[in-house]
Amino acid sequence: MAQSDLYGVLGVAKDASQDEIKKAYRKLSKKYHPDLNKAPDAAEKFKEVQDAYDVLGDEQKRANYDQSGSADGAQGGFGGFGGGQQGGFGGFGGGGGFDDIFNQFFGGGGGQRNPNAPRPGRDLQYQMDLTFEEAIFGKKTKIKYNREAQCHTCGGNGAKPGTSPVTCHQCGGSGYVTTETNTPLGRMRSQQPCPVCHGTGQEIKEKCPTCGGSGHEEERHEVEVTIPAGVDDGQQMRLQGQGEAGQNGGGYGDLFIIFKVQPSKDFRRDGTEIYFDQDISFVQATLGDDVTVKTVHGDVKLKVPAGTQGGTTFRLRGKGAPRLRGNGNGDEHVTIKVVTPKNLNKGQRDALRDFAKASGESVTGSGKGNLFNKMRDKFNEN
């Protein structure tokens, strides 16, 4: 299937969000569900919608699909979320290779998966905004998000309470039907998903009134999250079992929280190291002073030696961000910025001229500022 077809099947743009994709999938799957739509091509369209969502509804598969331009390519790919999902480059849709293709036509069918095997649910992503300080010190918070959960009425089997799914009468529970075709090479056999059970191997005679036989229902889920001290912008945390419900008794997927850390107006951060600019006067820089410096852990005193030049950096050990795996904190690096006064009164200018004279310097500048300052100084002289 060409790249544009998958998005076209769901009727969404290529830059559609996951919410838009999921909304389109639910609408179309309900529209073409064979139990609700008796049109001859409903089952085929239902399968197309399902196949499209299997790829576009998974962030990693979608990324691989967008890059490779084929649905088969999207079924492999590298595992996402820091190795949480192992993967590789898929061949023939991630199956067993050429032998499966050969057996499909000549009767082997050896590459088909058990349709009744448990399948884990989808993983979800959640972006969490943090202030600079919250990322440094961590916090506990509760988050809410929508997810597909196991139906509380039927327990996930899709059947009306008091009933159970039964083995599909068409495929005998295999999930596939075999067709035979006469060709110049002889009589060939191929397997296709069962049109009755749609590959599940089971029929639901009386559907659950809550979920309509899907076994899932949407819920507003709440979970408490403990954010460790020292997380950084773009990092993510995995919460096992907080994703969406699986199929055939498969477990829930995982939730991946991606942190978005707001910048600080005072500090800059690089990993566990924090950087801060400290203003001092030229008198403090010349004579030295004990300066109060801001850190994320509170104010501290920094001894600035006499003769300190602008751009000099001091290290405050242990005043940086915590290391995620323990072993204390990083450091804060304080860069000195010497501030030159702009508006001097007459006494200050005279003192500086005396200083320049004592230093053997010849200074031609007047040291006077704008007209307002000149008038103010003249008034003070009187």
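In case you wondered, yes, glycine gets a Cβ from its N, Cα and C as well.
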Checklist line | Which listed span Swiss-Prot calls region 'Disordered', if the choices are 58-82, 158-182, 208-232, 358-382 | finding: 358-382
Item checked: Coarse DSSP state, helix versus strand versus coil, of Cys151 (Zn(2+) 1 binding site) -> coil
Next item on the list: Count the CB pairs under 8 A between the repeat 'CXXCXGXG motif' (168-175) and each of 151-158, 194-201, 208-215, then give me the winner.
Entry: 194-201
Note to self: Neighbours of the Zn(2+) 1 site Cys151, Cys154, Cys208, Cys211: Cβ within 8 Å of the Cβ centroid, same chain, sequence order.
What the structure shows: His152, Thr153, Gly155, Gly156, Asn157, Gly158, Ala159, Lys207, Pro209, Thr210, Gly212, Gly213, Ser214, Gly215, His216, Glu217
Next item on the list: Restricting to the repeat 'CXXCXGXG motif' (208-215), report the mean pLDDT as a whole number.
Entry: 90
Notebook entry, point to check: Who are the long-range neighbours of the repeat 'CXXCXGXG motif' (194-201) in its own chain, taking Cβ under 8 Å and residues 6 or more past its ends?
Noted result: 34, 43, 46-47, 50, 115-116, 167-171, 173-177, 248
Note to self: Cβ atoms within 10 Å, counted per site: which of Cys154, Cys211 has the most, among these binding-site residues?
What the structure shows: Cys154
